[in-house]
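K.L.:
Input: one structure, supplied below.
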């Protein structure tokens, strides 16, 4: 026996329903084509107003449904191919849909514009209801922006999966065109960004008639002649101090040779280096002078530390007790009285005041530790039971009261003690 088509099943043999009742197709638990004992079919009442749209009253039966039949599935799913057209036209045959697909594709290829039922325009159909979005309701082709083709014609731009995506792609293409046009204009002008190392220099930077190329040549020549004469970068700095009274460090000379100084500073340093270069080539004793200056700097003795005997120290302590911060005139009188230099007396008073501040800080810290602290430390409570020495010996120990056994459960029945329970 052939299985009947959906919505054309005969009624149960022992059950018949009136024409005013129709099958509810939205119930997913009803499996009409299942070859097993059928489940009870739910029904809902069809009012006459709705029933008159589909036919007369006597025509409303279990198989009188004008909706397009679909392949049955237990749960709804998406069908991306021409669901809008199928729902709107109501063609029940899949062959007709295939013919429409081929016809729409051929028309799209001939006209060059996508149709509203194209697979590129998605539609999300819902079973037993009309589609929420049926594409272009007017049936006209969507006006998509066209892009100039290299052959001379216009090539239509294909739409993306959604209108929002198409707008975003158009915006990104516009930005790319702007960036490419800016780059092409910069390339036409011949502009180029300078390197990070030479960011402070430029091809047109000139100061005192010196260009960057001339500065590079001079730095290269300076390094070659310095190595040939046997001088170090530190020797050049000392020589500039001996000859011109302005000493430079080895780091400054190194940065000049490697062009890491600013162009303005290099222009200021170049005349001194040119004079030193001429002096080094003509004066043979220059290197000896440099070594002598370096030895004098190394052998320069530090000032001897002043030592005070007990008598002198006692007299200074007496003046300090009278006035801890004397003025310039008082310091001069004390230095004259003790036969010392004024700076020595001044430094001694400064050191003595600092020593007094340190003593006051230590005494305050000791009083805070030895006195009553606002918050008791946990070591005091531990020492009560475990025999540890208390942190503050001057404070009397604290002994907690015994455990209140009888007052533990005051809500219990009177006469019931916390001792041994008697049965």
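Even glycines carry a Cβ here, placed using N, Cα and C.
Keep in mind that what you see is a predicted model, and the values were worked out from it rather than measured.
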K.L.:
With Swiss-Prot as the source, identify the stretch among 241-300, 301-360 annotated DNA-binding region.
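P.N.:
Based on what Swiss-Prot states, DNA-binding region spans 301-360.
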K.L.:
Per DSSP, what is the helix/strand/coil residue tally across the domain 'POU-specific' (207-281)?
P.N.:
57 helix, 2 strand, 16 coil
K.L.:
Give, as a single whole number between 0 and 100, the mean pLDDT over the domain 'POU-specific' (207-281).
P.N.:
85
K.L.:
Counting each residue once, how many in the DNA-binding region (301-360) are helix, strand and coil under DSSP?
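P.N.:
So the counts come to 43 helix, 0 strand, 17 coil.
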